[in-house]
Amino acid sequence: MLVWSTVICVPIILTACFVWSLVESSQSTYVYEGNEKTTFKDTALAWLSMIPLVLNLVYIKSVYSSRHRISKTVAVIELACEVLRSNPAIFIIPISLLTTFVCFTSIWIAFFNRLWLIGHLSDPSVSKTVWIVNNYVYYIAAFYVFFYMWTSMLLIYLEKFALSGMTAQWYFHRNDTTNNSISIWKSAMTRGLTTSFGTVALAGFLMAIIHFLQFLTNVLKKFSKKSSLIGYILRFVEPFISTINHYTVGLSGITGENFFSAAKSATKIFRRNLLSGAFGDLLTQMILHVGTGVIALTSGLSAYVYATHQLHSPHGFIVGLIGTLMPYYISQFYSYTMVSIIDSAFLCYAIDLDTGTVHLSAAHSAFAGYD
């Protein structure tokens, strides 16, 4: 049901986003820059409206070309649902971390808004005084954004670490009657917050650097052509770092190894068993991640339109970026629950292959075509 609902609903939502943003871009609007009022047609929004259109076409093509693998996708997702059914306490982890993230975000927004009060009024002799923000505030704001990204990624990887530990415990020891999901999730979270916290923090730090640099290049794109080249390079680096972090943190959650030892062990396991790396079926990953992308894109476009067309602010692009990032991080906690379970089950399957054992035949049947 989840698979078919996503396959059908996503093209409808993306088409609606495209039509709505294109219609909004055709209307004249104005912004205030200091004392000046500038009227224009929002060509930037017209270009942004192409994003949901292109994503829609890519999504439809990918689903159509992978239609023969839908049954495999269903089997993999059913395996993840079985882990959830057998370990209801798993839901405590994403809910508690999401609550922590929402509280942190609320505090962060309060402090971030206060930053822009650091400044002074313009020359009172001018007919209309305006508030001028001190130059150093922008450096503090950059630190705030980086700190927000790092904390967000840290919580996401902490979730992955804990879910990997719980999934592995079920995969290898599900017939042990002494185990219960309550004690298992507490143990996994305790390890993630104590002995393995450095692994989680390092993985989050690496991804935060990539995301922050991407954020800067997007902001500076209109000022420098070099930033476009940097952004192009970062788009290639991000998937590589993300994949390393995913299976490294996942294996660390299973074995308790530190970041570098887990990365080395995972690489050896994949190499010895001719596996491509962490589970990478395009259709399954797309089904689980596309909801997050659609929510973030819709929110970002809405924030941009509201800031530019309703508040008439010249900083609509920055508002749109922040309006995309926050829903993206928040909605990721839920999609990450399923993705982390699938990745962890795949790592357990890889360990089975490496040791020549079969702890769960359903996992071997589901993942057999992805070696």
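Count begins at 1; order follows the chain as displayed.
Keep in mind that glycine also has a Cβ here, set from the backbone N, Cα and C atoms.
A TrEMBL annotation is a machine prediction, not a hand-curated record.
Annotated in TrEMBL:
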- 1-25: signal peptide (SIGNAL)
- 44-64: transmembrane segment (TRANSMEM)
- 89-116: transmembrane segment (TRANSMEM)
- 136-158: transmembrane segment (TRANSMEM)
- 193-216: transmembrane segment (TRANSMEM)
- 286-307: transmembrane segment (TRANSMEM)
- 314-330: transmembrane segment (TRANSMEM)
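With a cut-off of 8 Å on Cβ pairs spaced 6 or more residues apart, the transmembrane segment (286-307) and the transmembrane segment (89-116) reach fewer than 3 such pairs and are scored as not touching.
With a threshold of 8 Å between CB atoms, the same-chain residues lying at least 6 positions outside the transmembrane segment (193-216) that come near it are 142, 145-146, 149-158, 161, 227, 230-231, 234-235, 237-238, 241-242, 245, 248-249, 252-253, 256, 258-259, 262, 321, 325.
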